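Notes for the one structure printed next.
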Amino acid sequence: MQVIVALAALSSLAAPALGFSIPRGVPVSQSMIDVKLSATGNSMVKATITNNGNRALNLLKFHTIMDSNPTRKVSIESEDGKEIQFTGMMPTYKEKDLKPSYFISLPPKGTVEHSFDIARTHDLSRGGKFTLKAEGMVPIAEENGTEITGAAKYHSNELHMTIDGEKAASVENAFGIVKRGPRSRITKRTSIDMQSCGNSQELQALTAALKASAQLSSMSAQAVSQNQDKYMEYFKDPQYMQTVQSRFQAVAQESSSTTGGGTTYHCSDTMGGCEEGVLAYTLPSQNEVFNCPIYYSDLPPLSNECHAQDQATTTLHELTHNPAVQEPFCEDNGYGYERATALSAEKAVQNADSYALFANAIYVGC
């Protein structure tokens with residue numbers, strides 16, 4: 001098959017694969033940590049995280065309420081029940097060789113506080129009454145360690161805030177984003193920002209990753225109905241098969257060209273979001289994707305290892321975050337194999353990494 005041959009040729013260039021996340025079979029606790037939200041200003045929120053256990057823990061900050069990047073930490077609904085648009089970043093982090101600085105150490109019964117301004121990542125200019133809550137799963141290492149040994153789910157209290165819209169509008173957005181009109185969706189294929197490509201190697205790598213993303217997504221769309229056991233492993237419920245298949249088809253189409261479409265893909269970081277450990281990130285409110293330096297230096301083009309990260313599936317992951325590809329766009333509900341496969345069907349079908357991991361599994365034969 002031509003697609004398999006092309007992908008095999010690309011994977012032959014791969015460096016050793018990168019794996020992660022919560023190792024298979026590690027315990028997931030429902031009550032190990034507690035998260036309480038409180039308002040400390042017009043749009044300022046404080047999260048107080050408490051270790052309920054009797055041993056010290058190292059909590060990984062990535063994709064949690066403690067993330068220092070302008071990520072979605074809380075869901076926000078207006079008084080009429082409508083979700084407020086998120087204007088921050090959705091990063092993909094490197095999952096191997098985690099550094100101590102990526103963790104927060106919490107002694108038994110100890111607490112740590114993390115404050116953030118929700119106006120930096122949400123349009124709250126209308127003002128009024130809003131309801132906030134946070135939920136997620138924190139990977140955990142033992143005291144002074146960086147090897148993930150477990151995870152803790154958290155569900156915060158509901159926080160009700162009355163926000164002054166004018167004051168909220170005066171807060172600078174994390175990426176200086178201003179409102180734009182809707183993008184044309186006549187041709188749904190990505191466009192590479194050539195000016196962001198500092199050298200031919202970056203452009204070549206991104207072009208190859210998009211091609212592989214298109215091929216992997218096409219294979220995965222077919223596998224949804226042809227490999228139902230694998231589908232159920234990642235997405236749990238047959239009623240979502242059409243939704244999953246449609247998203248893979250949309251990603252395949254979006255990845256199939258580099259000269260025009262609903263998303264803009266940047267070879268490099270032109271918005272300043274590439275903090276340490278970030279491979280790539282998406283601004284879903286703008287339908288833009290940005291690669292970081294370690295996307296090129298630390299990832300193989302295409303991995304032959306199960307549950308591993310590579311350039312192709314990272315690009316596929318990022319494209320699912322864009323509403324121009326398919327709405328509603330995917331969130332980061334569960335990152336890595338163990339967390340992704342622990343999600344409910346409703347969460348999995350809207351989880352970016354579930355699609356990347358499924359594509360990897362179909363290609364590798366996991």
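Note: Cβ is positioned from N, Cα and C throughout, glycine not excepted.
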Cysteine from CYS197, CYS366 that Swiss-Prot links to CYS306 by a disulfide bond: CYS366
Per Swiss-Prot, cysteine bonded by disulfide to CYS274 (from CYS267, CYS292): CYS292
Nonlocal neighbours by CB distance (under 8 Å) for GLU318 (active site), same chain, sequence gap 6 or more: MET90, THR92, ALA280, TYR281, THR282, VAL289, ALA352
When distances run from the Cα of ASP332 (Zn(2+) binding site) to each of the disulfide-bonded residues CYS267, CYS292, CYS366, the nearest one: CYS292
Integer Å distance between the CA atoms belonging to CYS306 (disulfide bond) and CYS274 (disulfide bond): 26
Other CB atoms, at most 10 A from the CB of HIS317 (Zn(2+) binding site): 29
